[in-house]
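Q: Sharing a structure, written as structure tokens. Questions coming.
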Amino acid sequence: MYKTQMEAAKKGILTKEMKSIAESESMDEKVLMERVAKGEIAIPANKNHSSLLAKGVGNGLSTKINVNLGISKDCPDVDKELEKVKVAIDMKADAIMDLSSFGKTEEFRKKLITMSTAMVGTVPVYDAIGFYDKELKDIKAEEFLDVVRKHAEDGVDFVTIHAGLNREAVNLFKRNERITNIVSRGGSLIYAWMELNNAENPFYENFDKLLDICEEYDMTISLGDALRSGCLNDATDACQIKELITLGELTKRAWKRNVQIIIEGPGHMAIDEIEANVKLEKKLCHNAPFYVLGPLVTDVAPGYDHITSAIGGAIAAAAGVDFLCYVTPAEHLRLPNLDDMKEGIIASRIAAHAADISKKVPNAIDWDNRMAKYRADIDWEGMFTEAIDEEKARRYRKESTPENEDTCTMCGKMCSMRTMKKVMSGEDVNILK
Ligand code: SF4
């Protein structure tokens, strides 16, 4: 009857995924279906991902967050990464991207898909070298597509494909000096392959074949920004915009085939450029959902890049970004451990929620109002249960016990909440007694 969510929406068929998303996001079913049909909302839901609880990404929906995981040559422990998957799902990650970059990644990917109720994304170009066990330059264009097909068969919901880095973009890149060149891992691999083989981007050249695979499995394409800025100096330059224009053209081709699209974006970027970048993406890519990797608003904070990216992510999402890729304190330094991952998720969820309040996402502000009431009532148990990180809130309170239970060790009996509560109910405040 239909192959993809987009085809169903165009035919006026309300899928079970659309129905559950409309209900959980308090959006009218018809409005949601229209937006899926237009491509403004993507529902990454591979037909072979049976454990998935589908979510939507796009116009009018809550901002989603992604967690990157996966094994590397220096940290190849699959079990450790699977432990992180469990924690990421418990901490309400909406998506998990497997960025494994070493050896045979199939074992981790398959286990991840089986256990993940969150959307699963991958970057097949990372996998190609390990999959074929041969050097990058020796991989054939068709072989890259075969890796994509393998990921689709395994049940991957969305794949990052750097199809916008075509020959024209490469030539423009060579004429425009940057400090950090190409920082996208997949983008740098595709650039190297094109240069070593003196060839066009295999995904750009074979885009229709890629669409065949994605249509068959309803695998969403997340069009990667190979030329995203890797430092503030390189942001919003000719290369980045050139690639964005191409991504807009590819988006239209995909939508004609009912393949869902998400557009990836920067990167590192000064605060005053973020809103303009969001507007440009929405205009040039026809309101396709926008997924940003940061943006990190300064380059000088290794160890704290969950904060630099949460600042940029909140501003970007408030301006219309739909999907935030988390960044951990380990960014630029090492593979994140479990604690890095937790901090990254919390920072990203704060950014997403702050933006949702600004975007007037239904019910977003209710959470804050519940917390505010518990604070005014000095109801510690209520405050803990509403805290975005309940464990940390409980631990901090326990580590510094006040003399009076209705205060904390910051102001003691000068607690403004206590004073106002007492005075407004006609009691004395008794600060000295
Ligand atoms: S004592 Fe001060 S910081 Fe602590 S809850 Fe009361 S007003 Fe807030």
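Cβ atoms are placed via backbone N, Cα and C, with glycine included.
Copying in the features that TrEMBL gives for the protein in this structure:
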type	residues	note
BINDING	Asn68, Met97, Tyr126, His162, Ser184, Arg185, Gly186, Asp225, Ala226, Leu227, Arg228, Glu264, Tyr291	substrate binding site
BINDING	His268, His332	Zn(2+) binding site
BINDING	Cys408, Cys411, Cys415	[4Fe-4S] cluster binding site
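Looking at the shown structure, what environment does each listed feature sit in?
A: Listed in sequence order, Val123, Val125, Tyr126, Thr160, His162, Gly224, Ala226 are the same-chain residues six or more apart from Gly186 (substrate binding site) with CB atoms under 8 A from its CB.
With a cut-off of 8 Å between CB atoms and residues at least 6 apart in sequence, the same chain places Pro302, Asp305 near His332 (Zn(2+) binding site), listed in sequence order.
Look at Cys408 ([4Fe-4S] cluster binding site): DSSP puts it in coil.
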Q: What binding-site residues in Tyr126, Cys408, Cys411, Cys415 place CB under 6 Å from ligand 1?
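A: List returned for ligand 1: Cys408, Cys411, Cys415.
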Q: Please list residues from the chain of Cys408 ([4Fe-4S] cluster binding site) whose Cβ is under 8 angstroms from its Cβ, counting only those at least six apart in sequence.
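A: Residues satisfying the criterion: Arg397, Ser400, Pro402, Cys415.
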Q: Specify the secondary structure state of His332 (Zn(2+) binding site) as given by DSSP, simplified to three classes.
A: coil
Q: Looking at the binding-site residues Ala226, Cys411, Cys415, which one has the fewest other Cβ atoms within 10 Å of its own Cβ?
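A: Looking at the binding-site residues Ala226, Cys411, Cys415, the Cβ with the fewest others within 10 Å is that of Cys411.
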